[in-house]
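Peer 1: Please see the structure below; I have some questions.
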Amino acid sequence: MSDINEIEIPSRKDEIRQVTPKDPMHEIEDKSTYHAKIKKSDSGTVLGAIPLNSRSSSNSSVTSTGQSSRRVTKKTTKKKKKNACYFDTCSSAASKFIGDCNFCKGHFCSKHRLMENHACNGLTSCKEQLHQRNADKLEAEQTKAPKIQI
């Protein structure tokens, strides 16, 4: 072979191989999962499924190494400040000592610290507990001796 552009063509079909490597991400654009072989140290090969979302390509980064391909999706969630009031429209700071709600586990400012003011989910169960406690207290205070008739 003296010319660089000449390529030797094998005579049998079994010897024909594809020379150019395929991009695994390009092949699976329309599939919902991609099975990647991940080799662990001396323990064998593990087959794992990695879900892909072809629509979220603008918010994700793709890294591929050797035998495994991974797709990492960044989640953009809105985090509240640690000491801000948990009420939706309030932006004031939560009270440190009196702002904790035991029923919904929220931290509220002095305006929204009461269960009625922040529309607590545990308001009905709290009312039932207080009603039962008052009934038990009244029953314990009642006199048990029969009344004397004159």
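Any Cβ shown, glycine's included, is placed from N, Cα and C.
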Peer 1: With respect to Swiss-Prot, which of the residues SER54, SER110, SER125 bears the note phosphoserine?
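Peer 2: Looking at Swiss-Prot, the phosphoserine feature maps to SER54.
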Peer 1: Compute the C-alpha separation of CYS109 (Zn(2+) 1 binding site) from CYS101 (Zn(2+) 2 binding site), stating it in Å without decimals.
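Peer 2: Between the alpha carbons of CYS109 (Zn(2+) 1 binding site) and CYS101 (Zn(2+) 2 binding site) there are 11 Å.
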Peer 1: Residue counts in helix (H, G, I), strand (E, B) and coil for the zinc finger (79-128), per DSSP?
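Peer 2: Here the numbers are 6 helix, 4 strand, 40 coil.
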Peer 1: Cα distance, HIS118 (Zn(2+) 2 binding site) to CYS85 (Zn(2+) 1 binding site), nearest Å?
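Peer 2: Between the Cα atoms of CYS85 (Zn(2+) 1 binding site) and HIS118 (Zn(2+) 2 binding site), the distance comes to 10 Å.
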Peer 1: When you average the Cβ positions of CYS85, CYS90, CYS109, HIS112 for the Zn(2+) 1 site, which other residues in that chain have a Cβ within 8 Å of that mean position?
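Peer 2: So the extra residues in range turn out to be ALA84, TYR86, PHE87, SER92, ALA94, GLY99, PHE108, SER110, LYS111, ARG113, HIS118.
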Peer 1: Between HIS112 (Zn(2+) 1 binding site) and CYS101 (Zn(2+) 2 binding site), how far is it from one CA atom to the other, in Å?
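Peer 2: Roughly 10 Å, rounded to the nearest whole number.
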Peer 1: Where CYS120 (Zn(2+) 2 binding site) and CYS90 (Zn(2+) 1 binding site) are concerned, what is their Cα separation in Å, rounded?
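Peer 2: Their Cα atoms are separated by 15 Å.
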